[in-house]
Amino acid sequence: MTDQVLAAIDGSQFSEGICDYAAWASLAMSAPLTFVHVVDNHSEVPEEQNLSGNLRFGARERLMKELSELDEQRAKVNREQGKWMLEAAKARALEEGVSDPMTRQLNGTLVETLVELEKNMRLLVVG
Amino acid sequence: MSLYTKQEWFSNIKGDTLSGIVVALALIPEAIAFSIIAGVDPKVGLYASFCIAVIIAFTGGRPGMISAATGAMALLMVTLVREHGLEYLLAATLLTGVLQIIAGYLKLADLMRFVSRSVVTGFVNALAILIFMAQLPELTDVTWHVYAMTLAGLGIIYLFPYLPVIGKSIPSPLVCIVVLTAVYMISGMDIRSVGDMGELPDTLPVFLWPSVPLTLETLWIILPYAMMLTVVGLLESMMTATIVDDLTDTPSNKNRECKGQGIANIGAGLMGGMAGCAMIGQSVINIKSGGRTRLSALIAGVVLLMLVVFLSDLVSQIPMAALVAVMIMVSIGTFSWESIRDLKKHPLSTNIVMLATVAVTVSTHNLAIGVFVGVLLAALFFANKVGNILYIGSREIEAGKEREYQVVGQVFFASSERFTAAFDLKESIEKVTIDLSRAHFWDVTAVQALDRVVIKFRREGTEVELVGLSEASATVVDRYAVHNDPEAVEKLMGGH
C-alpha cells in the first residue's frame, strides 16, 4: 500500500481544511484515503509542580505512580477525543464522495510516527 | 538527537528553572557532606558539583538527570586522600574521566543488561545505608543540642510541605537550613558548623592542572582508584538514567551518558573538584519539582555556584546538624522501602542477590564490589535454574538388546553432571540410541559430557548411535546469532 493519501489531523482549526484537501486529492488521484491521529501522551511540560524538594519514604515509587496516573488519564481523554475527530473526518470525507476512507490512531510523537508511516504514503496532508 | 535541539533545552522553561533552583539548594548540603566523607575541604565538592552539573547539561545522554559530587564516589576516595592528598585525588578524577569516555566509546553501557533488577535494588539500598552511616560521626560524642537541632531539621523537612500554599512552593530542606542557621547564629550554641569543616569557595573556580609528578609511580597510585571510580560512577549513572527513563517514560542515550560523565569529570578535575556521577535522590527531586530538560541541570549548577560564592559567609554558618538532617532525608528517599515489602513476595534467590549486594557493599564501602558479587550470584542462580530444564527419558526397544534415550532440554556446565548420571551403564545391552534432536548443547562442557557417556558405553561393549547431534550442538558456537531470525529461533526452541 504505497499509494495512500494520508491526512494527519489533530483537532485544530485546520482539521476541516485538511479533510477537504485530502478528500479532493484522494478523488483526483483515485487513491485510498486514510486519516491519522497521533496521540502524544507524554507532554514535555509537567502539569503539576511540587517544589517542596524533599524525599520521603518511598519517594521514587510514589512519584512513579503519580506521573503514570497523570499520563494514563491524559491518554484516555486524548484517545476518546481522537476517535471522535477521526469519526467526524471520516463522515465529512464520505459526504464529499470518497468511497471508503480509513482511520488510524497511533501512540507516539507526530514526527516519529509520520516517518514510520512514510513508506506507505503517496501524499501527506498536514495542517 | 542533536546537542542543541530546542526540545532538549527550552520546551519546559518555567518548570526547569524552578526545579533547577530547588535542586541547587539541595545540592549545597550534599556537596558539603560528601566532601567531608572524602576528607577534603567543602569547596572541592562544591566546585565539583558546579562543574559536573553544568558540563553534563551539555554532554549527557539523559535530559532531566542531575549529576554532581556523590556519596558513592566520595567513599572510594577516602584512603587516596588520606594517604596521598588532594592533588592525587584531582589526578585520579581526570583519569576517571578519560576511562569513562573510553567506556562510552566501547559501548560498555550495553553491559548494564547483565545487572538484574535485584542487584539495582541492592545497590540503591546500600547507597542509602552508606549515606546514613556517613552521618553518624556527626551524631556521636556531641551535646544534646546537635540531636535537638537534627530532629528539628527533620521535623521541618517533613512537616513544612503540609502548610497550605507556601508548603509546596518553598523547598522544605531550604527552610530547614535557613531556620537552623538562624537559630545557631542567634543562640551562639557551641556546635559544629560548615565553616569548621574546611575551606569554602570564595572565588569562581579556576583552571588548574593537578600538581602531581607525571610519572608511572603516580599512575600506579591513582589507577586502582580511578578504575573503581569509573565503574561506580557509570553504574550509578546508568541506574539513575533508567530510573529517570521510567519516571518520564522517555528514552535516553546511555553510551552518550558514559562519555558525558567522563567529560564532566575531566572538567571537575581541572577546576579543583572531585569525581562525581549521577545522583538518584537529586534526580528524583528534579523530576518531582517539574524538571525535564537539560536546562534544569545547567541552572542547578549555576545557581549553586552563585549562592556559594556570594553567600559564603552565611554558608559557613550552617550548622552541621542541618546538613545531617538533609542527608538523612536523602538516605530515606533513596532507600527502596518497596523492596522490604517485596522480600516476602520474591523468590529466595532474588532476595539473596539483593541482600548480598547490600551486605557486601556496606561492609566494603565499595559499590563496585557489591554489584560484582550481586551480578555473580544472580548469574549462578540463573544457571542453576536453567540447568534444571533437562529431561532424559528412555525406553527399551528390544529387551536386553537395544534401548533409546531421549534428551530434552539444556545441557551446559550447570547440568552436565545430571546429564551424565542419567544414563544407566549397569544395564548389559547391545545397542543404545541417544536422541538429541530436542536437546541443546550450550558449551564444551556439555559436549565433553556426551563424549564421556559414549566412551563409557563403548567400554561396556555397547554400540552407541547419536541422533540429531548436529542440531543439538549448533548452540555451542559462541556467536549464535538467532535473535533476529524468527526461523532460527523457531528451530532452536522447536523441541519445547
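Cβ atoms here come from the backbone N, Cα and C positions, even for glycine.
Per TrEMBL, domain 'STAS' is recorded for B:405-496. Marked as transmembrane segment by TrEMBL: B:21-38, B:44-60, B:88-106, B:118-136, B:142-163, B:170-187, B:207-235, B:295-312, B:318-340, B:352-382.
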Query = Between the transmembrane segment (B:44-60) and the transmembrane segment (B:295-312), are there at least three Cβ pairs closer than 8 Å, leaving out pairs fewer than 6 positions apart?
reply = yes
Message = Test of understanding: applying the rule of at least three C-beta pairs under 8 Å (pairs 6 or more apart in sequence), is the transmembrane segment (B:88-106) touching the transmembrane segment (B:318-340)?
response = no
Query = Does the transmembrane segment (B:118-136) reach the transmembrane segment (B:352-382), going by 3 or more CB pairs under 8 Å (6 or more apart in sequence)?
reply = yes
Ask   = So which of B:170-187, B:207-235, B:295-312 has the most C-beta pairs under 8 Å when paired with the transmembrane segment (B:21-38)?
value = B:295-312
Stretch contact, the transmembrane segment (B:142-163) with the transmembrane segment (B:88-106), Cβ-Cβ under 8 Å, 3+ pairs = no
Long-range Cβ neighbours of the transmembrane segment (B:295-312) (under 8 Å; 6 or more residues past either end) = 9-10, 12-13, 15-17, 19-21, 23-25, 27-28, 31, 46, 49-54, 56-58, 60, 64-68, 200-205, 286
Ask   = Near the transmembrane segment (B:352-382), which residues from the same chain, at least 6 beyond its ends, have a CB less than 8 A from one of its CBs?
value = 72, 75-76, 78, 114-116, 118-119, 121-123, 125-127, 129-130, 133, 228, 231-232, 235-236, 339
Inquiry  = Can you tell me which parts of the same chain pack against the transmembrane segment (B:88-106), counting only residues 6+ beyond its ends and a CB-CB cutoff under 8 A?
reply    = 38, 40, 44, 48, 77, 80-81, 210, 212, 218-219, 221-223, 225-227, 229-230, 233-234, 255-270, 272-275
